[in-house]
């Protein structure tokens, strides 16, 4: 049964499994663990003493030494409650040829059997170290013909500063980076070309690596975290519990749809008499609940249940997590009513605009002239009118007189705008102009120009080009709201996003930027500013072309990382100290109009510890379109060379087509 | 509210709409019809007096003369309950240039507004006749940039033998085929290249064309059927009702997810006092239910509710309707447990096999020798054992002694087979052989060879090649069950299947055959046999290559038709009079192991009335693979030439790769 109910959470992290030994009586193994509260078991499907080469004849060899037929469980029991565990004795990179042969045969037979049962996943033993070429080759070959089963590669989450803990996994280690199990994973998945059915089961041990080192795993495809009983501490009442750092890590798993699997022997003796009420009730229910890991499961359930329910905003966003969307191109395409509807609900955004307009009005018209001077304010890109409303509310709050022009190019939005003006009785204050702002001949000049033309990366919806066109009808001392905006960028590990882009099997999807609610992403270092635009800009030789070289330093205790692309954000100064933005360190709270933008790299770049990452970024302008180009130019020669990593420095390009202006 | 509950039916045909006039008060128009029991309204979004050229200024022209803003209804009301109706005065192929200009502008504005509202569909007026080039061009252009809204082209379902009824739509008619509104539709959709968002709203009038003529529409993308009140008759109690032929047509609509839309004025005066109880209850509920079409809606609801609930088999199959699947290739791929599970549930199939084995046993061993002769029976392709069980049951029923060899190449199925034999205590009777039948060296020869290697098209899972291999160990006078099988083929209109194949945008998908539960398909004439295979075949010069030329005569009262491809079936003689098959006229009832197969045509072929359709079909064999090729060679020169129809005679090819035999 699930660990508990968490409001809004329907992810797999509600389910908890248990690693078990090989058991000939599979129905019993399953039912005893399910009745103890586990949702699934991770168990070997084949007798661990089986070696193909020891079978006496071919005929015998072809009858696999399984516990029973596929009929011992129903198809839905197999697929819902059993994860297959590939024999852990296999070593496909051994020098012993017979062991290699037996390993390869067994691996294929076990995965074939698991596929036959339509299991959702199979757990692969950890690679013996970074030198796992034959193992990866065989797995890659199996992946090519696999049904939709996942393969979970077991990877120890080791602390490389702690040598003792490493002994079990450190047979092949030579240099420091090879101590890092992330390197083993990286090498393995590169040899399997980021295959979408290859994912990770992290072995969580008693000591943990640094926070930065841990963080990078959250951009990788972790499906399960195997928590060993010897990682648990003991609380004052004798019960198992986890360290604060382990608890925080568990919260991370719960928030990233990672399933917990308990493993190991019972290390805590919890007296039956001490068990809590609901435990007693449950054990009473079946009478035989002596599962040795029950107290560990209860603790995991406790950690899950104490999490906060998902907030309203999180529930709204959960369906968009890590889901790539093409950015809106409102200049080329007219927005639909539902899109306006969604954006208009973002009250935080419009209250910031109202604050900005208020301050501008007060600056422009002193109190003593409030009743005599009428400020001319133009909303360019008025949509269905939310900025018109915010501006009028600012005028009312400050007692200033206002005359508003609402300029909008979408004829469908104009219909609603007319209806709004009529409904609110604004006919004498608001003039509606159905026109592209770049072509409008204004009857007078404006004191204040208000717009909301910003994309997730600031200028990517062509705000600079539109406002250049609108600037013609702003007074020389007039104010633009926003007065400036800056884009920001940050390298990320984002294996899911990378795979989704790659799944299109073409280059054009790598030459696109995507709007996406970043979630299973590791942000590798603080973001840096890229391009800034200021309005109005009366300089004579202005250009909206831009170029910037950025150098990122990834904290050295992170270890090596894979950069799959860059996350982009913006911050805008509406007026003076009133800002609006999504750059993580300064983001406006509770605003939901913008997700981040993602610039993918055609070939992900592995950055070793201590190496700087250099990115070059261009904003290019043609007569009919604007686009970005980007490339990584360092680390040029990676000290860690993996054969499938192509040369770096590939240029990528994204186009935001403009529209030839035609008055409807 | 839906027309009623029909067990298992979750399709759109539960919802009934009503065509309404333009109404400035949209909320009222909607609520009054919803409260009367309709689920949606089909209504003009723009004042019918509007003509762009009569607008006084550009500024005014850009404010569309709509009833209100998009805010008068919520986004979900718009999208769930309103279908937009494009102004019916438009004529894009008029000789009057001003009318053409106004028509084109209005069409674009109305569809743009409907898209803005995220409506699910917009109803386009009927084409004025087969000459509708400019109308189709504009619609095609709009389709290229449309969001996911459907465009329903209104097409009258006219009876061409009835000239009076045609008057309203026959301005441009010249020849007989041009009388046929299907031709208008066909011409229009060819010009729009079978666009997936272009579908049909059929206008159902008082007289109906022939059954064959009606039938072809069910292979076309009908989304709605508009039933006019003047198509209704009057029953003895004064209520509206439909003719038997109309009723049968309605059943067809209900079964094909077609939504009914009522249209026209009230033609029956049903006194309020006469209304039935539930009507009274409903009208009592809101107090103002005087909807003039209520009695027609009640009758439609009655027709819907009297339909039989979907059978168990239909419920199982409903999710597979018109869904293309790649055929299984059990020789190349091992089947999964779930696939075996599904097939083993087909009790009809195995009882036919049991009957066949029984007859063969009785023929082979006379009653007086039943206790002395042991028949050797080999099941080749034993899977998890259902044919072994059927054979043993036949032996028990006939009192014959049996020795069984169960030969199976899938090592995963062998596991279950061993378990079955142990469980049933068959060790002394059944010998399990884990081997590909083509390579097995049998220790003795068989009296009876039993197999189930048939695909939807008979030989397409390589039964001939497998049984040629197995024939080595059949006695010269031995029996093969099945003893023969024949494939059948039939031309079909299947626009959905064609579009699904086309959506892959490559040729390889047109060179593939698909397993599919045919539903929205018009079968244009009886199927014809293609290839027959007989086993055993001891002839010396045998070959599994085949070639056949077929000539189909489509009934001439059908009218012109579009052939999107061919439906394939099989019929197998298991033994003497025991057969098994899916050919529609002789199909074994309640058997669900096989859906039909579909061979697509890269370019659909239009066949005019009276023209024969000639198909050529090959089965080709190479050393490692077997494939089909097919092409249409007549009508060579279609008398009805449509410019976008490419030359016929394109060859298509489908491969079923064999497997190089390797003993595991």
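Every residue number used here counts from 1 along the chain in the order it is shown.
The backbone N, Cα and C atoms fix where each Cβ goes, and this holds for glycine too.
Marked as domain 'PRMT5 TIM barrel' by TrEMBL: B:37-306.
Annotation source TrEMBL lists S-adenosyl-L-methionine binding site at B:340, B:349, B:350, B:408, B:436, B:437. On its own chain, residue B:408 (S-adenosyl-L-methionine binding site) has B:381, B:382, B:383, B:414, B:417, B:432, B:433, B:434, B:435 as residues at least 6 apart in sequence with a Cβ closer than 8 Å to its own Cβ.
As annotated by TrEMBL, site 'Critical for specifying symmetric addition of methyl groups' applies to B:343. Under DSSP, residue B:343 (site 'Critical for specifying symmetric addition of methyl groups') is assigned to a helix (H, G or I) in the three-state scheme. If you draw a 10 Å sphere around the CB of residue B:343 (site 'Critical for specifying symmetric addition of methyl groups'), it holds 19 other CB atoms from the protein chains shown.
Mapped onto three states, the DSSP output places residue B:452 (active site, proton donor/acceptor) in coil. Using a 10 Å radius centred on the Cβ of residue B:452 (active site, proton donor/acceptor) and all shown protein chains, the other Cβ atoms total 24. TrEMBL lists B:452 (among others) with the feature active site, proton donor/acceptor.
For residue B:461 (active site, proton donor/acceptor), other Cβ atoms within 10 Å of its Cβ number 22. Summarising the annotation, TrEMBL assigns active site, proton donor/acceptor to B:461 (among others).
In this structure, the CA atom of residue B:452 (active site, proton donor/acceptor) is 10 Å away from the CA atom of residue B:349 (S-adenosyl-L-methionine binding site). Taking CA atoms as the reference points, residue B:340 (S-adenosyl-L-methionine binding site) and residue B:461 (active site, proton donor/acceptor) are 16 Å apart. Counting every protein chain shown, the number of other Cβ atoms lying within 10 Å of the Cβ of residue B:350 (S-adenosyl-L-methionine binding site) is 20. Distance noted between the C-alpha atoms of residue B:350 (S-adenosyl-L-methionine binding site) and residue B:343 (site 'Critical for specifying symmetric addition of methyl groups') is 10 Å. Among the recorded positions B:349, B:436, B:437, B:461, the ones whose Cα sits within 10 Å of the Cα of residue B:343 (site 'Critical for specifying symmetric addition of methyl groups') are B:349, in sequence order.
Residue B:461 (active site, proton donor/acceptor) sits 14 Å from residue B:437 (S-adenosyl-L-methionine binding site), taking the CA atoms of both as reference points. In this structure the residues listed as binding S-adenosyl-L-methionine are B:340, B:349, B:350, B:408, B:436, B:437; their two most distant Cα atoms lie 24 Å apart.
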